[in-house]
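Worksheet: one structure, shown below.
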Amino acid sequence: MPGVLHLGAVSSSSEVVVRLSVLPSSFHLVFPFSSKNMKGGGNKNTYPASRNVSSGQQSASARERTFYNKVGRSSPNPDRSCRPPPTLECSQIQTFLKTSEGVSEKRCTRSELHESPFDICKTASPFRLKKPLLEINRGRRKEAERAKNDPLLQYLRPGMVLLKKFISHTDQVAIVKKCRDLGIGCGGFYRPGYRDGAKLHLQMMCLGKNWNPDSRSYEECRSFDNVVPPEIPKEFKKLVDGALHVSRDFLHQSAIDAEEVSIMSPNVCIVNFYNDSGRLGLHQDRDESKESLEKGLPVVSFSIGDSAEFLYSDVRDVDSAEKVILESGDVLIFGGKSRHIFHGVSCIKPKTAPQLLNDDANLRPGRLNLTFRQY
């Protein structure tokens, strides 16, 4: 009995190319084109409705149903041989789907023009064992007790304040989930690099405006894929505002001029994810507007996940730089006289993230860092 390959419905703007030379002589191709499907009004399980591979948001069920995502060019693993029904022998079939949609029309073609979206959360395992309820409740009680205590504030130097454990567990989980949703979509995480081919040791996503590390400037859309960055979530801005006001109150109570830390309205956020081997050399944040820099408007940094060894200095010298450990939930603010300090991350300390955060947020091993500033 000859084999039959059903390619499914294909949109009118698509062209299917099949290399027939690799097909057995008894193999038949079935193209179920219909006027209904050609107009995009077919069954919601057909190709046009289930295609969302570019943004990394295609459902698992859609991937199971569509031949497109098993062997198509935008599949996460295009070199993997397809797994057809048991009655078919298709391991040698190569199918290419070409669409007429361009970058300017789709506004998001990251799977075609750049590397696959980076997911800051671990892939859920169907065999993952749940922790005993007693252990879960014990961890939640510890978190509740910690939340009752006021955050510990440290004055590091003029214009530089560290708020230890400022971000609650609940807010940390919410930040991880929001960054994960944004990170796998249009304008999400990617590994930035330079023209000479060198890559940074982190994954990056920009909110509000895109920061180009090669030109060291901000741009309205990402130059490599023409995608406009997502906006900063309101919940994030609220946390930034709260941290600034708490730090100013702390300075005032400590008989220090509260104006060392100015109030600012963030319209730019750079989100970095460092794995266990991630790091960032000493640098200055001097790419914001002249007005913002002259006013010394602060940079507000959130740390979530594994701890990091943070370096800061008035000069670019690692050996003479001061060090501070930034833990999950910490907020670091530097502005005023500290606005132009050299700073960086020398190392990530593996397996230091709170276990409760790992359980509730499913964050990958590493550190999630959000730095807010007003352009």
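Every residue gets a Cβ built from N, Cα and C, even glycine.
Because TrEMBL annotations are produced automatically, they should be read as predictions rather than curated entries.
The Fe cation binding site annotation in TrEMBL covers His283, Asp285, His343. On its own chain, His283 (Fe cation binding site) has Phe342, His343, Gly344 as residues at least 6 apart in sequence with a Cβ closer than 8 Å to its own Cβ.
The feature compositional bias 'Polar residues' is assigned by TrEMBL to 44-61.
Taken from TrEMBL, the feature domain 'Fe2OG dioxygenase' applies to 265-375. DSSP assignment over the domain 'Fe2OG dioxygenase' (265-375) gives 16 helix, 50 strand, 45 coil.
Taken from TrEMBL, the feature region 'Disordered' covers 40-86.
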Residues flanking the Fe cation site, with Cβ no more than 8 Å from the Cβ centroid of His283, Asp285, His343 and excluding those residues themselves: Leu282, Gln284, Ile341, Phe342, Gly344
Mean of the pLDDT scores, which run from 0 to 100, over the domain 'Fe2OG dioxygenase' (265-375): 97
Sparsest-packed among the binding-site residues, when each Cβ's other Cβ atoms within 10 Å are tallied, from Asp285, His343: Asp285
